[in-house]
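Take a look at the structure below.
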Amino acid sequence: MTCKIIGSGGYLPPKIISNDELTKFVDTNDKWIRTRTGILQRHIAGDAEYTSHLAFKSAQKAIEDAMISVDDIDLIIICTTTPDNSFPSVATKLHGYLGLTNIPSFDLQAVCAGFIYGLQLAHSLIVSGKYKTILLIGAEKMTSLLDWNDRSTCVLFGDGAGSVILQRSNDDSGLIDSNIFSSGTDYEILYTSGGTSMNGTSGKIVMQGQKLFRHAIEKMLQSIEDLLYANQFSVSDIDYFIPHQANIRIINKLAELLNIEEHKVVKTVEKHANCSAASIPLALSALKESGKIKKGDILLFSAIGAGLTWGGALIRW
């Protein structure tokens, strides 16, 4: 028994900042950004547009795509690093926006690996029989954590949200397997300079880029190889590889090491930048909207985030 995605939806704020526009207030240039990251632009939420608003708009699309009633949802999980408030959770605010009553809702924080963590948790809860229809969302306003004077980080991130509706599968489609990991000894590679119990502020993103690149390749590769081996899959069985959209160099290097054909690799980092927990569901939504994906296709997800946290998932569409 497993669970499957019956609907998906993505939302990106309408405001776009190109690399050229960044050069007006950051010491950088388009070539430098493109060469190192593959990013051409990023979507930026407005001052009065919060993570809960992004989540709501993507949730509406996923509910419509799944062709269900909002009242069919019996659990909400939002994966986010950028909540509107320290409390209550973004999920409970969304609960109110959707007009729901009494069903549980909570946030999950595993940074860029959040969607993989959330997917494994949602799967377990559905398979247990406790819940039938789960709304799982990755939603981030990453620009709220940026130091716009730090060109090594401010060029990398964008805002957005991606949602999926999960239900029990009655056939061979759905989540085949997933794995998640963490390594707390590596937290100083990527973190924020603040927190509510530390100094009462959210802080700004601090990153050791070269170390993170090495860890990303090593850990994502091992996670993927473990998944394939455990489920007797080969790389040639994969129809679409949807990695976390952090950096084009990481994506390309993984594809090279795994020997995955170029047309199978889903890349949205060019236009979305790094949307943290939202990046995989946003990329999935874009792939689905393209009309390329078909029933029976095998999808491979892979992500790594601060913590460090990482993991992967195999899905039969």
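Just so you know, glycine gets a Cβ as well, placed from its N, Cα and C.
The structure displayed is predicted, hence computed values, not measured ones.
Annotated features, as they stand in Swiss-Prot:
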- C112: active site (ACT_SITE)
- H244: active site (ACT_SITE)
- 245-249: region 'ACP-binding' (REGION)
- N274: active site (ACT_SITE)
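Secondary structure at H244 (active site), taken from DSSP and collapsed to helix, strand or coil, is coil.
Looking at H244 (active site) and C112 (active site), their Cα atoms lie 7 Å from each other.
Long-range Cβ proximity for N274 (active site), meaning a same-chain Cβ under 8 A and a gap of 6 or more residues, is found for I39, C112, M142, L156, F157, G158, H244, Q245, A246, N247.
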